[in-house]
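Novice: Here it is, the structure in full.
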Amino acid sequence: MNLEVEIAGVKLKNPVIAASGTFGFGREYSKLIDISEFGAICTKGITLKKRNGNPQPRLCEVYGGIINSVGLENPGVEAFVNEELPFLKGFNTKIIANINGFTKEEFVELTKVLSSLVDMIEVNLSCPNVKEGGMVFGKDPEKVYEITKSVKDVASCPIIVKLTPNVTDIAQLAIAAEKAGADAISLINTVSAMAIDIETRKPLIKMVTGGLSGPAIKPIAVRMVYECFKKVRIPIVGMGGIMNYKDAIEFFIAGATAIQIGTVNFINPKAVCEIKEGIEAYLERKGFNSIKELVGNINI
């Protein structure tokens, strides 16, 4: 069965990608599974300088998922290039660098450093814009356009723009990214959420709110992938609560070219193998010759 997909000329041997933030830089998981099983690995979020992240507690379990407010803890781009990237290049899989900036200039600088070293870059626009009162870049179509264009102007590899679901109309963000030259979009990022300890009356997350991931957000993610698929022609990487192959199939039918799996990696490190096998069995059972035939193939 042909599971190969292509995003802006980059061929992935299968459409299952390790999502940013749940896989670190692959070192821990490499002791449990062959991480070459993934079609690609999307790195933990990378910033220009080292970040220690937010204060603890910054992770809590809730019905149907996890709320996190890790705060982009990472060693910084220089340490990533010198220490983590050589390790990742030892595996037979594509590497996607997830970049995070707090100004347009930081996104541009990160792209200049990384675009010749990795297969693709995923631009996380859920960072606060420190020059404009902390508003999240990705909520404003004009900012999405501006940053995407600035990054594309200096990039030597394909650019994936990661979209936030915490907006009224995500398709408008997708359109802005496409107009600015994005090679693909990925969605959805986490959904803004909160949980409270009723005994202490304190939020379970030190920063009060965080991002919800896991199966609770899957129906939202599927809807948003479908809405974007109807509006743009560039490939969509779908994510949000994928726990098994059936969840993955929904995303392909809704219009995703590839998928990312995140929260499930915490629960089942072997999920990538099980999801791949399930997709293959489904395609054979339904008479498809390749995964590409399923993308956007919805009966309405």
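Cβ atoms are placed via backbone N, Cα and C, with glycine included.
The shown structure was predicted, so the numbers you read here are calculated from the model rather than taken from an experiment.
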Novice: According to Swiss-Prot, Ser20, Lys44, Gly45, Asn98, Asn124, Lys162, Ile188, Gly240, Gly241, Gly262, Thr263 bind FMN; which of Gly71, Gly214 is also listed for that site?
Specialist: Gly214
Novice: Could you give the Cα-Cα distance between Ile188 (FMN binding site) and Lys44 (substrate binding site), in whole Å?
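Specialist: Given the Cα positions, Ile188 (FMN binding site) is 16 Å from Lys44 (substrate binding site).
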Novice: Consider the binding-site residues Ser69, Gly71, Thr190 and say which one has the Cα lying nearest the Cα of Gly45 (FMN binding site).
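Specialist: Given the candidates Ser69, Gly71, Thr190, the nearest one is Gly71.
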Novice: Within 10 Å of the Cβ of Lys44 (substrate binding site), how many other Cβ atoms can you find? Include all protein chains, please.
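Specialist: For Lys44 (substrate binding site), the count of other Cβ atoms within 10 Å is 21.
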Novice: By CA-CA distance, flag whichever of Ser20, Gly240, Gly262 among the binding-site residues is nearest to Gly71 (substrate binding site).
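Specialist: Its closest listed neighbour, by Cα, is Ser20.
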